[in-house]
Structures are given as C-alpha cells and as structure tokens.
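Participant: Can you read through this structure? Questions will come right after.
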Amino acid sequence: MEYQDAIRTLNTLQTNASYLEQVKRERGDPQAQLEAMKGFLERSGLKVEDLDQLNIIHVTGTKGKGSACAFTERILRNYGLKTGFYSSPHLVQVRERIRINGQPISKELFSKYFWQVYNRLEESKVSEHPAMPAYFRFLTIMAFHVFLQEKVDLAVMEVGIGGAYDCTNIIRKPVVCGVSSLGIDHTSILGDTIEKIAWQKGGIFKPGVPAFTVPQPERPLDVLRERAEKSSCQLYLCPDLDAFEEDGKPLPLGLAGDHQRSNAALALQLSHMWLGQQGYLDIGELKAPWLSSELPAKRSPPLAPVFKPGEAMLQGLQEAVWLGRNQVLRHGPVTWYIDGAHTTSSIQACVRWFRKAALNEEKPADGSEVRVLLFNVTGDRDTAALLKLLLPCQFDYAVFCPNFTEVSTVGNADQQNFNVTLENVLTRCLQNQSHWNRLMEAKEGTDPWLSASPEVEGVAGWLKQAPLHGPQLFFPPSARPLNANSLVFPCISKALQWITQGRDPHFQPPASRGLHPHPAASSGAVLLKEAATIQVLVTGSLHLVGGVLKLLNPSLSE
C-alpha cells in the first residue's frame, strides 16, 4: 500500500475513545502503561529480550535530548557503524522519527514495516484489550522492528515524555543512558516541580548500566543520584566541554548556540562509553566509589573522566545536523532564525542565540531593518511567561498562527493532528496575541485601541461565517485589536505570505485574494517591501518550525 495510506491509517491512532478511557484507567497505575506496551510488543512478534540485541543508547531530559542524540549518532556513524536513531516529534514527515545512518527511512521501508506491524496487531487483537497501541507507542514498536530487521549496530533511542513510564522504557539492557538538561515541561503528566520531573527522568536508569548527566541544579541532581543508587546504576557528571579543548580553542559544533556545548559534552561521554563497552576503544575501568557505605549520604555524582577525543569524535561533533534547532536560513533579503524552543529555559537560550546571531549580521547602510517574531505554543505551557522572555529581541511585529501549513490539512497527512480543532488552535493564537499586546502595553504605555481577549464563543461564531480562503488575515470582528504590532493568521502559509511580501526567492505563494482588514497589515506590508533586510525568528513550537521548514524547503517533503 502507498505511503500516504500508511500515514492516514497511523493518524487514526492519534486518539480515540477507547484509548482515552485506557489512559484514564492507567493514570493511577503508570506501571500498567509499560505492561500494556510489552503486550503490544509481543503481539507484534517481538519480546522485550529481543531489544537487548540493539545495543541501545537511551537518552532523556527536558531540553537538548534530541540534540545530544544527534551528536551521539553522528559520532558513532563516523566509526563505520550502522546506526539507528529514534526521535520525536517529526518536523515535516513522520518517517523522520526513524532514521538509519542519519537518514529518515524511505517511504517504501516505512510502508513495509508499518503494514507488517499493523497487520500483526490487527490479527492478534482480543476483545478485552485495545486492538492498537496509540500513535507514539505504535511508532516505537515499529522502530524496534525496523532496527532489528535492518540489522543496525546500535540504536540511539530518545525518550518521548518523562522516562519512568515512557513507552521506550521497556528497554531492559541499554549499553549506556544519558540525561540532558532538566527543566519544567509537561507538568500535567510529569509533575509540577523539577524534583518530580527528575524522578521521572531517572526512571530510565538500569542495574549495572552506566549513565551520564549534564550539570543540573542541586535538588534535581540529588534526585537523579538517589534514583541511580536505588537502581544500582553508575551515574557520572559530564565535565564541561572546555575540559576537552586544547589551548582554549572551542571545539567547532555543527549545532549553533552556546547551550549546545553541554549536549555535545554529553554526546562525547555516551559515545565514548558505548565504544568502550562494545570493545571498540580501551577506556579502562570506571570505578563507582559513591556506592560505598563509607561516603556521606549527600554528594554529587563523580565527574566522568576527561579523555582525548579522536578525530572521528571531533568530526562527528562538527558534522552533526539537527533541523529546526538554532537554524539560520538566508533567503535573499530575508533571514530566518528557526528554533523549536518551547520551555522557559530553552526560550532563554534561543533569545541569547538569536540576539548574538542577529548582531553579527551586516547592518544595511540605510538602517532599514525589520524584525518579526513568528510564534505559536501548544499544550499547558505558560504563554505569557515565554513571550515576556522574547521582549528584549525588540521585534517590530509579532505574528501568531496555528501549526497548520494550510487552513485545510487534506493532502498533508504527515502534519494532521486529530487531537485539536481549528477553533481550539485559533482561539489559542488570539490568546497568545492578547498576552503579547498586554506585555507591549506594560512596556510602552497604554494603547487605547487594545481589545480584550476573545471568548471561545466569539471565535466559534466567526468561524461559521468566515471565508477562510478569502481574507488572508484571521480576525473575528468582535476581537480585532488595533495595536500596530501584532497580527494573527489562520495558517503558516498565510503568515509567511505577509512576512515575506514576495521577497523570499524560496517561497513564492499564490497571489493574494482580497486585502487585509487590519491597518497594521497594510502599513507593515509597505515597511516589509521596502526594508533592506528582514529578520524573522520562528519559535515556540517544534510543530510550527516543521511547518515553516516544509514551506521554505519543499525538498524536505520529497
């Protein structure tokens, strides 16, 4: 069957009534989630013991875990190893989540393994249990099948959410585990304090399996240490990357931003340990003195040893690619700064990177530079707190839109999301805009034209009447703020169309039908058309970033 048929069928697993009921039942007993995952795995034709063959590197964390995995995979590929890499979410196509030798599996391979797993689960269903695992569980099971049957030498597995009860945690015997930087995210699932979140992350530690963490605040580090001790796991603290640098020369990294240095340091330790455990390098014996009863109860994990990285490691760090993270695209007069930051600390890191990168850009002689924020956020995240952190970037315009590339997602199955409605996401965009307007009002003084945040009912009523394919700008008449700096669009394509004004040679949308009703849209359009340079920061959501990249680089869809 065709790839698109497989994706459409996969999308039916995003949410359904029986699964929601199952989640409610399991919420009080998270261990049941892992047992259910094991059941699905066995019905697909695998046992948990089979996963031991994959020589897994298991990585969790709040931010940076995907980047740490990307560095690690690239380093090990440089040793001539056949690598598997499982990550989430995808940016443009679902098959990005399952990679072999750094490349998403082909559409043919995806279709082959999807139907293989799907049909086995369909044939083995029983009435008292759900026939199919949910979306992420299914893809995790499918990744295991791909990696085993394609005979990879190792699999780098990124945790989805948390660790202890994440469906990747049916892995019994990884070669090594890693924990990237911890922070507050997914609080409704993981808990509302960093200590509770650290407890969840430490759930991937396994007896006798070495683990590494980047430096963490004291209290979550204590939690990780306690989790490691109870699991008889050897936990080490990664030294800073400068410990590996000679003569003060910074190691060149393929991923931009100072915060990537800790991810690179973690990747060095994970790859070094994996190579040692598998007999590719002689790394000596690492002691575990903290397991001694003679030591005080409260202590930091020992520093992992510093070693001289080989050429393959250095090259891996430099050649690592991870789209949508601190990525810069220069398209004529328009420069795109793209980063999927979506937590407080990652937005702070994004702001530092953006301000530094934007400052390094050559200034136009006439000074006509326009700076635009394109933003969306999902889930239970605190929009006002995130937007406040972005104020120092001094944007001329803030643009808000949902994560849909087009108003209709028909024909774009890879980016369909059945867990939200158009009404929900547009309401959220208007609320995001309202937060921004209030922040600007507090910063610059009262703007008498600012309107109140719209009610859901107002949006619902407007949606019934709105010609979404007519006017390019989304504003319910009752909720049309006349503040000069913020606009809301119904999809990413319409937002990019306004921002670029036809000046991005890589993005040439169809001609507009009808004018924007908002005065800022027309006055801003004049400024954007005449500016010598346009700087656009895209952030707040990896799904938004994926939609933008899909439109700016159509080859990612091929």
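Along the chain as shown, the residues are counted starting at 1.
Just so you know, glycine gets a Cβ as well, placed from its N, Cα and C.
Values in this document were obtained by computation on a predicted structure and should not be read as measured data.
Pasting the feature list from TrEMBL:
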- S88, E158, H186: Mg(2+) binding site (BINDING)
- R325, D339: ATP binding site (BINDING)
Participant: Would you mind reading off the Cα separation of E158 (Mg(2+) binding site) from R325 (ATP binding site), to the nearest angstrom?
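Facilitator: Given the Cα positions, E158 (Mg(2+) binding site) is 16 Å from R325 (ATP binding site).
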Participant: Return the residues near R325 (ATP binding site), defined as same-chain residues 6+ apart in sequence whose C-beta is under 8 angstroms from its C-beta, sorted by sequence, else 'none'.
Facilitator: G66, S67, L255, G257, D339, G340
Participant: Give me the long-range Cβ neighbours of S88 (Mg(2+) binding site): same chain, 6+ apart, Cβ under 8 Å, in sequence order.
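Facilitator: In sequence order, R97, F136, L139, E158, G160 meet the Cβ cut-off.
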